[in-house]
Amino acid sequence: MQIKIKSKEKYLIGVSGGSDSMFLLNKYKNQDVIVAHINYNLRPEAIFETLLVSKFCQKYNLELKILSFDSFKIKKNLQSGLRLGRYQFFEKIYKEFNCTKLLVGHHRDDFLETVFLQKKQKKIVTFWGIHKKNNLFNMEILRPFLYWRTKKQIIRICQQKKIPYLDDQSNFTGKYQRNQIRFLLEKKSDFSLFFLFLFYYLINIFKLIILKNQKKILQNWQKTGYNINFFKKIKIKSKIIFLFVNQNFDNVKLTRGKINEIINFICGKSTSGAFLLKKNNYIIKKKWKILPKSSKI
């Protein structure tokens, strides 16, 4: 079911000009909203997307904030750089207008694409796909259509209701991993895709129950001051280390091998030492306790 929007709240809506975000904007255009649009200046046709969003907002008297982003300044990992720039822009507007939620147009296909991307990258996950609600960059993010609309449905409704949109043509090339996964999923029947979604949706319910128990164990360990002897008695050490690192450090890539190295470091005979997670980020072993530190002491 669709999440109900409370009229007393103020929403920031991220709008690219594509079918997903324009469908979302049209749905909530009569609510108290601020519209945020970014022109990444990567494609000549991007200006037409900006004009489309501007025209729609003018028609319905919606507040619009536009960022012209210099994507060519990003030297490494373009996708990560664009994502960071996007959310920093959203955060600025969110604070400026005292918004209560950021709405984005993710749908069921995005959920499945993320699942298969996680599998392809062999990521350790506590949740498959995308969360319907989460907090990021000090914003509460809501994806109203994540579980109940597909890309096909959104395009069909946009065409029926004459909602204007211009989909990013780079989404139809095989340049990015996500696009490659999208092409594979498009070959599957609607029934197969729904079954896949339902399968991972139910797995996530089970995962969240397990995660709740794991967080309790982590909290109990934390209460001991991260005592090493307490940790040695924990049966699911790898799960707890995964949570411990993600709770105390930012942007640390964890593999199963690295988690095992951390466990061996903690449980080793030495009573002191430092384990380097990444530059200036260490797990310190001192007096039978573990200390998460952003710089070595």
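If you go along the chain as it appears here, the first residue is 1 and each next one adds 1.
Here the Cβ of each residue, glycine as well, is placed from N, Cα and C on the backbone.
Secondary structure at Ser16 (ATP binding site), as computed by DSSP, is coil. Look at Swiss-Prot and you will find Ser16, Gly17, Gly18, Ser19, Asp20, Ser21 tagged as ATP binding site, backed by sequence analysis.
Counted within 10 Å of its Cβ, the other Cβ atoms near Ser19 (ATP binding site) come to 22, all protein chains included. Ranking the binding-site residues Gly17, Gly18 by other CB atoms within 10 A of the CB puts Gly18 at the bottom.
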